[in-house]
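Written out below as structure tokens is the structure these notes cover.
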Amino acid sequence: MIDIYAYHRFISAGNPPNTGNIIRLCANTGADLHLVKPLGFPLDSAKMKRAGLDYHEFASLTVHENFDDCLKSLAGRRIFALTTKGTARPDETAFQKGDVLLFGPETRGLPADILDSLPAAQKIRLPMRPGSRSMNLSNTVSVILFEAWRQHGYAGGV
């Protein structure tokens, strides 16, 4: 399956619902979720539980101390950045088992140095209507993860 990695501080301290939604997404698709500290909120907060942490027992969740540790865990794997600066569409991308979807803060995205380190074909953007800035982070992750899963025949799904 595809793994999902969240670059640090991808959600503000007062807004954990995106993380809860993505945990629920991972529990329902079999994707592993990797978060990079600092998270900006406690994983055991009441807001997190309302947003989907009750699915935590069904999801594979790893928390990395920093991005360097995270990168070590990615050695040899293809990384696809989810970014409004991308040109590749998810339906034109041939996802492979073991690929990684990497996303950053909803408000500013991934840092330029990370995006610059990836080839254009690994910077994925969802098609949107002209004049639109971006979609909700957890919705974007869902759309792209489901496209990757669809390409693999929804392996393990019912």
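Including glycine, each Cβ sits where the backbone N, Cα and C put it.
Here TrEMBL flags 14-146 as domain 'tRNA/rRNA methyltransferase SpoU type'. The S-adenosyl-L-methionine binding site annotation in TrEMBL covers L82, G104, L126, S134.
Positions of the features from TrEMBL, shown on the structure.
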residue: L82; record: S-adenosyl-L-methionine binding site; contacts (Cβ under 8 Å, 6+ apart): L101, L102, F103, I124, R125, T140, V141, I144
residue: L126; record: S-adenosyl-L-methionine binding site; contacts (Cβ under 8 Å, 6+ apart): R89, P90, M135, T140, V143, I144
residue: S134; record: S-adenosyl-L-methionine binding site; contacts (Cβ under 8 Å, 6+ apart): T84, E106, M128, T140
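Other residues of the same chain near the S-adenosyl-L-methionine site, with their Cβ within 8 Å of the Cβ centroid of L82, G104, L126, S134, are T83, T84, G86, F103, E106, G109, I124, R125, M135, L137, T140. Each residue in the domain 'tRNA/rRNA methyltransferase SpoU type' (14-146) gets a DSSP state, and the totals come to 53 helix, 21 strand, 59 coil. Within 10 Å of the C-beta of G104 (S-adenosyl-L-methionine binding site) there are 22 other C-beta atoms, taking all protein chains into account. Here the domain 'tRNA/rRNA methyltransferase SpoU type' (14-146) returns a mean pLDDT of 85 for the predicted model.
Site extent for S-adenosyl-L-methionine: among the recorded binding residues L82, G104, L126, S134, the largest C-alpha separation is 15 Å.
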